[in-house]
Amino acid sequence: MTTAKRPLALLILDGWGYRENPHNNAIFHARTPVLDKLNAQFPNSLISGSGLDVGLPDGQMGNSEVGHINIGSGRVVYQELTRVSKAIEEGEFEENTVLCKTIDDAIKANGAVHIMGLLSPGGVHSHEEHIEAMCRMAVKRGAKQVYLHAFLDGRDTPPRSAKGSLAHFGDLFTTLGQGRIASVIGRYYAMDRDNRWDRVSQAYELITQGKGKFSYSNAVDALEAAYSRDENDEFVAASSITDAQGQTASLNDGDSLIFMNFRADRARQITRSVINADFDGFERAVTPKINFVTLTEYAADISAPKAFSSSDLVNTLGETLQNLGKTQLRISETEKYAHVTFFFNGGKEDPFKGEDRIMIPSPKVATYDLQPEMNSTELTDKLVEAIESAKYDVVICNYPNGDMVGHTGNFDAAVKACEAVDACIGRVVAALAKVNGECLITADHGNAEQMTDESTGQAHTAHTSELVPFIYVGRDASIKDGGRLSDIAPTMLSLMGQPVPAEMTGRCIIDLKE
């Protein structure tokens, strides 16, 4: 006979930060009676999810990948942004054997070096300083054909902020005497992660064949034309940039292609379309034989050389629960499924023993402000069912709404998103009460609490560095000050009466009262 579990649930409200200023604060203006009541009745605090507290540079806003790695590992994990930047500063980047080889291979084959990535100072998926270092390195090693395929941001940066980056790289190539920007496209197309292959196919054609919806002789002109079409950076249509002779750049046999994004989730689809022989997401007109390199590891099943190998995280929360013989459930919508699985498990793709996973498809809408509740009702239906089954010791759920709708910059939609999540939390807490379970409610980073950029007046679509909530719905207790995301896993194990592995350098921040 199976013993009924008393589950401990962790609810991660993605993009849900705390900001005292009510101005353009969707969370403040949302009607959230459930969270208001929980904050009034149960121990709660604010914890850090950004900067040095999550292994990022001081002041750098947090993000979903970083947040989930820190939560799941129970330690501060120094992130790829910091790691690559340090390698550049100390001269190790130019000596990276994987990068050197792929440049040299292209030169020997009389081929071109293509560099693609999110051209942005946002620091969430990439950093333009890394891309600049790569361009300089390619020219320094003797590449005569260097092409930059620029994915534009407008999501982790202001919606119309790419002009400075494009102008800078135009000047950079002039100074270097080699290379140019070969294409421009919004991340909406090139960095999809929801199997919208019709989007990715446009980026693929642009990079491999130089075929875009539009063609210009200058990248800044391409951007300004996009703005005149009312396309913000994120949504800039595929635009090829021609050389002085009016020629576009294409990806040919013998060329090298270096992907400079360090974050995996939005890099996987375009990568698979380029390198997988059995790819069937869309019809590929050409499949050139190239040297393809990723900056970091994107997935275990992506067989491409990587410039920076992942550090192995052992005794994460998932692995520890496995070793204790505990059962666990990971559940979210498509948009955040990788975060509660791959990233939460420290970059491990396969589930641990006793770990079940449920993915609820995110709604097929162009942007999530069109359906701010997303599929939170269906997600909660499955979550409540799992809790009431008394099958799991630990349940980990991510509600994507605050982040995904916050990124649209639509204030009214973000308010509705927060209200939808609040209603779902009420159902989850009620289900836990039926089985004598407990709950921790937190967030991975901020977003929806600031919907307008105070300095520019533009929509604020990026994350923030605000503190995030931490609520314990359970026994009589108090919460210590100064918590951070890496304290959550040790706290969960302590609440379960289990030892905390030595590798978890976070601390338990809940003191249970006798």
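Every residue, even glycine, has its Cβ placed from backbone N, Cα and C.
DSSP classifies SER64 (active site, phosphoserine intermediate) as helix under the three-state reduction. Around the Cβ of SER64 (active site, phosphoserine intermediate), 28 further Cβ atoms fall within 10 Å across all displayed protein chains. Per Swiss-Prot, active site, phosphoserine intermediate is recorded for SER64.
Within 10 Å of the C-beta atom of ASP14 (Mn(2+) 2 binding site) sit 28 other C-beta atoms, taking all shown protein chains into account. The secondary structure of ASP14 (Mn(2+) 2 binding site), as reduced to three states from DSSP, is coil rather than helix or strand. Sequence annotations record features per position, and here Swiss-Prot assigns Mn(2+) 2 binding site to ASP14, SER64, ASP444, HIS445 based on sequence analysis.
The annotation substrate binding site is assigned in Swiss-Prot to HIS125, ARG155, ASP156, ARG187, ARG193, ARG263, ALA264, ASP265, ARG266, LYS336. For the recorded site, HIS125 (substrate binding site), the DSSP three-state label reads coil. The number of other CB atoms found within 10 A of the CB of HIS125 (substrate binding site), across every protein chain shown, is 25.
A simple way to gauge crowding: the CB of ASP403 (Mn(2+) 1 binding site) has 28 other CB atoms within 10 angstroms, across all the protein chains here. Residues or ranges marked as Mn(2+) 1 binding site by Swiss-Prot: ASP403, HIS407, HIS463.
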Cα-to-Cα gap, HIS445 (Mn(2+) 2 binding site) vs SER64 (active site, phosphoserine intermediate), nearest whole Å: 7
Under 8 Å by Cβ from ARG266 (substrate binding site), counting only residues of that chain that are 6 or more apart: HIS125, ARG187, MET191, ASP192, ARG193
ASP14, SER64, ASP156, ALA264, ASP444 screened against HIS407 (Mn(2+) 1 binding site), Cα within 10 Å - retained recorded positions: ASP156
Of ASP14, SER64, ASP403, ASP444, i.e. the recorded positions, those within 10 Å of ASP156 (substrate binding site) when Cα atoms are compared: none
Listed binding-site residues among ASP14, ALA264, ASP403, ASP444 whose Cα sits within 10 Å of SER64 (active site, phosphoserine intermediate): ASP14, ASP403, ASP444
Remaining residues near the recorded Mn(2+) 1 site, that is with C-beta within 8 Å of the centroid of the site residues ASP403, HIS407, HIS463: ASP14, GLY15, ASN63, SER64, ARG155, ASP156, GLY402, MET404, GLY406, HIS445, ASN447, ALA448, THR461, ALA462
